[in-house]
Amino acid sequence: MTPLVSVSVALISLLSAPYGLLARLVGLWSDGLGWLGERLGIAMLEYVFMHHAFLVGALIAVMAPLIGTFLVHRQLALIGDALAHTAFAGVAVGLFVNSLLGTGISPYVTAIVVAVIAALAIELISEATDAYNDVSMAIVLSTGFALGAVLISLNTGGLAVGINQYLFGNLSTVSRENAVLLVVLFAVVALVVTVTYKQLLYVTFDETAARVAGVNVPWYNRLMTTLTALVVVGAMQIMGVILVAAMLVVPVAAAAQLARGFREALLASVVLAQIAVLAGITMSFHYNTTAGGTIVLVAVAVYILAVLAGKAQSRRAGDEIPERADATEKSTSD
Amino acid sequence: MSGEPAPTDAARTPLVEARDLTFGYAAVPVVEDVDLRVERGEYVGIVGPNGSGKSTLLRLLLGLHEPDSGSAELLGHPARAFAERERVGYVAQDVTEDEKRMPITVSEVVLMGRFPHAGFGRVTADDRERTREALRTVGIEHLADRKITALSGGQRQRTYIARALAGEAELLVLDEPTVGVDAESVEAFFELLDGLVDDGMTVLLVEHDIGAVIEHASRVVCLNREVYFDGDPTAFADSDALDRAYGTNVRREEGGIVT
């Protein structure tokens, strides 16, 4: 079975899995946090939306760096940004359809659909032109955002009011349904990455060698971008369209400063992302700031600390190993 | 190996077979009418001037390009079918030019050689043991936990050889593996290859250093779009194939040939 088919099969079966069960699990989480907040006297844990925000944040802080690690080390960091902006078009489509037909489809569902289509389109374009180029990526990004803006302006002004939460994210609008959707997205992403970890790593490290070794590189590229689309839409709820890509990039860049191995880098990026998300959500509650922006600022602070720590670390390592095996290497690589 | 065909059959199938192979990125062919057969246990060095189609020929043999005409077979399968690829180890040109700085350790890279065997399954203790064994064979066991970007060019090439060994490759395909590697490490690298060939490895090597190929390979293929020479290294050194393939750019100096 091809990876993409297995993704969609998993997605469909997971979506049709009893919603009630997942909702009850989210409810249990909420009860647990509420109880904890009461016991420890943490005021922000009195609010159910904060329980959801912490759940969604923690899941984002696992799956965004997980996918981001593969993207960043293939120098495809921009893909997250491009897909986020097309996801915005998806949100607009959802809102548009709802107001036109009076349906109640979640805009996040249409965002997923549109972002996944855009992901596959980006892959097909890059396969046809034999290169990811930043120009076509920029075109996809602007097209998505422009399409979203036009669709929204086609509606009456009333819609424009609700658009801020998609652009900048919003903690207080994370409903139980949205939390359940995120749990589902998380399960799909985590499952697929676990199963295809080796292939994704091989393709990330050396695409040509992976092809020679018989790995179906185009399929894994499509899989990777599709997963990116899912993560981006999932993280959009609290990060917002504009800042969502930061979660794919900043913790990963920080981890790369500290880690030697790939597995180590993955783990470190998740830990750093958790710090950024949990601290960011807490601060945004206390200082009444936007969550996405606060989280990104914390992540950037963590990144700066990681750069400094990495520099100190390599200086120490440099003292221990005075000479590298060949000096020519050093002069060419620096 | 656990392959189904009888060992005698497998031994008789050439590992590489190109017939009338022609390919061009544009209208002009880069590789034309190439016939090449590599038998088990051979150590074939492909030489030729810059832009002579050496690397393209390798890419065709590995199935990375669709031939314009003719055929390329690897391990008895059409190269484009990418079948039984765990039997092929590939070491590419310019791995030293790695500005990506991706965090990954030497042992993680070598473990990739086991990935075609593991498929979607878990990496087992046996896979890790073979990885250690391969690192021991190429003599960089002590660098296992080092970040690959912290290694020298020569050490990195050893890592890629180890990856092929960990994958139990029978055919080693190397594309200009000594580019950016210092002279001393190049010498040691060729000695390592000699040792692997002695142990039964088949090697197909593209190399700009003609002297090294004549010294180490058991067979030389001189290419400039077409095959100018295919045979014994000493016969190649005595022939005029080099002058014909390279034009007038070749100077013969004492102790070696410099392009």
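Just so you know, glycine gets a Cβ as well, placed from its N, Cα and C.
Positions annotated as transmembrane segment by TrEMBL: A:47-72 (among others).
TrEMBL lists A:105-125 (among others) with the feature transmembrane segment.
Taken from TrEMBL, the feature transmembrane segment applies to A:145-167 (among others).
For A:179-197 (among others), the entry in TrEMBL reads transmembrane segment.
Taken from TrEMBL, the feature transmembrane segment covers A:227-253 (among others).
Taken from TrEMBL, the feature transmembrane segment applies to A:265-285 (among others). Sequence-distant contacts of the transmembrane segment (A:265-285) (same chain, at least 6 residues past either end, Cβ-Cβ under 8 Å): 44, 50, 53-54, 57-58, 60-62, 64-66, 68-69, 171, 238, 247, 250-252, 254-256, 258-259, 291, 293-299, 302, 306.
Taken from TrEMBL, the feature transmembrane segment covers A:291-309 (among others).
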- Most Cβ pairs under 8 Å to the transmembrane segment (A:47-72), of A:105-125, A:179-197, A:227-253, A:291-309, goes to A:227-253
- Message: Under 8 Å between C-beta atoms and at least six residues away from its ends: which parts of the chain pack against the transmembrane segment (A:105-125)?
- Response: 79, 82-84, 86-95, 97-98, 132, 136-137, 140, 144, 166, 177-178, 181, 185, 218, 221-222, 225-226, 228-230, 232-233, 236-237
